[in-house]
Amino acid sequence: MADNLRKLVSTESLRSMQDKLENWLREYNNNSCDQNLNYCLELIEQVAKVQGQLFGILTTAAQEGGHYDGVETIKSRLLPWLEASFTAASLGKPVDSKIPSLQDTFDKERQKESVIRDRNIHQLDADLNTTRNQLNQVQDDLAETEKTLEETKNRSAISLLAAEEEINQLRKQLKCLQAQEESRHRPPEHRSSEKRGSERRRVEPRGADRCGAAQRKAEEICDYEKQLRTLKDEIAVLSAEKSVLQGRSTRSRSPSPASCSRSRSHSHSRSRSHSHSRSGSHSRSHSRNHSRSRSASPSTAVSGVRSPSPNRAKLSSVARKAALLSRFSDAYSQARLDAQCLLRRCIDKAETVQRIIYIATVEAFHVAKMAFRHFKIRVRKSLTPSYAGSNDFEDAVLDYIICHLDLYDSQSSVNDVIRAMNVNPKISFPPEVDFCLLSNFIQEICCIAFAMQTLDPPLDIAFGADGEIFNDCKYRRSYDSDFTAPLVFYHVWPALMENDCVIMKGEAVTRRGAFWNSVRSVTRCRSRSLSPICPRSRVGLSTISRSRSPSPIRCGLPRF
């Protein structure tokens, strides 16, 4: 670069150019137009040569600066000059220094971008702070909710403990009063006949006083017993509600219905053992003895069974009835819908799905009642030697069944229900799909029905037939029903009965002409292919036309 600059200085082109300009200025008026043009062109050529040399020096200097040096200088000096020169040349105007350069434009755009960027950053910071505040608020609300829940749990536990403590105190007072009453009414063992004769007159007024005191004490004892029964009923109901809530929370974590039913049965037995301390210890010992083997015989625990108190079955029946009603309601609202979802994967028709679930529920109740009868017969045979001539034999049998509900073989009942459904002519079902899909639902219904037979009086479902007159006291109409139709087209869910009283309404679909449609559907239906549980090769006509001993509620249902 230094050599090129030295050559440019040595040629003295700029000095000669200055001389030519001065000569041209002196002779401009005397020269012709051609001569002035020649002078101008010579100067332009000379300036172009000098510019070429200067651009060469500029290129060399820029190369010596590397990739990044000199970039800002070129942008700030060369590019604006070129822009102004080309603009002036295109417009035919001289170069004006007041025209904004590219550098100014770049600076303005850079400032605008920085302002926009700062504005966006501030907006993002504000949004981030708002989100953080909301998150902190949610965390505070969550902490407060947890504290409130913990306080509620503590209060409920304290109230339960206080109730149990009060019950224990009442029991102690009752025992003391009974002991005093027995000691007062106990006859003296060694009394001479002389003292009896001499003290008769003294004993008569004392006996009258004692009778009055005994009556007052008896009234107090009756009051204490009433209070005790009331507290036991309240504790039983609270324990049942607690077990129901625990069962719902465990089902929301998606366990199987079988495990839910077992957990509920254990929770009922625990609440029952709290309300009855004497028999509770025996029931826990029986459950520990039988937990090792589900198929153990009832005779293994005959020696541990004791006669229950008169109020025991009544008190426990209140809690168990509330829990079973809640389980039956949950089966309708949750387990039934889950079973419908499973069947709708294979069946498109909603009517067929609802018929299948209703028939499964009816068959499950029938099989569970039969299993309860057989189980009760076995318990009677096992307990007969130890309760010969006892008046509390039936209470002892029922108490043993209540304490050992886990001995019920629900899987065998599920297999029986599936066999009965396979030969039911009302179900038109694809042969490639099996009713084993409903095993969990059927098992839950069987466990509920079996436990309902231990109540006094037992609970059962109402008899329902297609084409019957719709009873508003037993059923509610489904959403897709014809609300003016008087006949039932088909049943969705059975009604729950206690003797002749309706406890829970069922659900039915009503349509006009339901009776004739149901008759046609029965005549057109083909027989079902049997479940893999019962192979075809072993099932003959005797299995299909088998007879059962129907319950009074199911005596009108046809059997095929």
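For all residues, glycine too, the Cβ spot is worked out from N, Cα and C.
A quick note: this is a predicted structure, and the numbers were derived from the prediction, not measured.
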Range annotated as coiled coil - as stated in Swiss-Prot, picked from 223-248, 379-404, 405-430: 223-248
All-chain count of other Cβ atoms within 10 Å of S159 (phosphoserine): 11
Average pLDDT across the region 'Interaction with YWHAG/14-3-3 protein gamma' (1-294), rounded to a whole number: 71
Among S13, S156, the one of these modified residues whose Cβ has the fewest neighbouring Cβ atoms within 10 Å: S156
Separation of alpha carbons, S13 (phosphoserine) and S156 (phosphoserine) (Å): 109
Residue pair S159 (phosphoserine), S13 (phosphoserine) - Cα distance, angstrom, rounded: 113
